[in-house]
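TrEMBL annotations:
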- 40-61: transmembrane segment (TRANSMEM)
- 73-95: transmembrane segment (TRANSMEM)
- 111-131: transmembrane segment (TRANSMEM)
- 143-160: transmembrane segment (TRANSMEM)
- 167-185: transmembrane segment (TRANSMEM)
- 197-219: transmembrane segment (TRANSMEM)
- 231-258: transmembrane segment (TRANSMEM)
- 278-302: transmembrane segment (TRANSMEM)
- 309-328: transmembrane segment (TRANSMEM)
- 334-352: transmembrane segment (TRANSMEM)
Amino acid sequence: MAMNIERIEHGVVTDDEENRTAVPTHPMKSSSLKSLITKWWLLLLNAALLAVGTIGGPLLLRLYFLHGGSRRWIPGLLQTGGFPILLVPIGILYVRQGSPRNGKFFASPKLLLCGVFIGLLTGIDSFMYSLGLSYLPVSTSSLLLSTQLVFTAVFALIIVRHKFTPYSANAVVLMTLGSILLGISKSGDRPAGVTNAQYWLGFIVTLGAAALLGFMLPITEVSYTKVGKALTYSSVLQFQFVAALSATLFCTIGMLINKDFSAMPREASKYELGTAKYYLVLLASAIVWQLLFIGNMGLIFCSSSLTSGVVNATLLPVTEIAAVIVYHEKFNGQKGMSLALCIWGFASYFYGSYNYRGTKKQQLGKGTEEVTK
């Protein structure tokens, strides 16, 4: 399963791969170096896209709610509705590849079917997140959503057999304590006009959204490693296109049932920033959120679901600071302590995962030396 990714990362190949790489020629070394550089550029590009989406997405959605927006399905749709922009990079890759008549360019039906399943889960997750954000400050919502690293660790252990180390356990405890601390400090954190019941509803559904996201990341990694043929970046983009389309259709059905489409013109006319800015906020949100999903899927392709979770957690303090600066949100001592616990948990998880990888590489190196002798 995801062990294919691990073997490649640690320099371990199958018998077929050994046969294909048995001739140590200089052109092959040059090709490997070029491939490595390309992978790192893709990794950095997707990390940048993820950063823009992670920081800008919540701020734009909160802007919608703060100035008169009250619908929950609309923000849910915005998180995936920007999927048509994926046609641009897909088209560019298609043209650059010439005329891919051998079918290698197109994603396998199995991968696209997995994309439909992931998309439905994404639609549910998007609605839960937008519902929570309508009752919570961005800073609180971001802290709660950061617990997805905990759920990613647990589900990665169960689904893709990522080793659960003492560092991972430490991270789970610390980030759980951070969430509990946020719940205790709700009285000084609750936005004006939000009742105690609404705050707790937002609190719980945001944690639920984090859990669902933590489940989706390893499932996505499984999908990548079970496609039945070599996975390319164009396949990843097609996978994301199908997933986002499925999520958008799911949220569209929710909007139809809730009669949100007919309510949008009335909501726009009463929006505090004006009708034009109402639609501008919606458009910008759709684009920025799509960048987040592209970055997430790209990082899993270039590395693993673990790396994607780590980068998401790294961006937590930046999102916190941005929310405090832009919306002047309260940042009391308890919220600061919760942030410190989450960062501590992230650092523990990060150190443990890469320490494990370093140890495994050393063991692989020793094994190779013994075989050589």
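Even glycines carry a Cβ here, placed using N, Cα and C.
Any TrEMBL annotation is an automated prediction that lacks curation.
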Checklist line | Contact between the transmembrane segment (73-95) and the transmembrane segment (143-160) (at least 3 Cβ pairs under 8 Å, separation 6+) | finding: no
Check: Do at least three C-beta pairs under 8 angstroms join the transmembrane segment (197-219) to the transmembrane segment (334-352), pairs 6 or more apart in sequence?
Finding: no
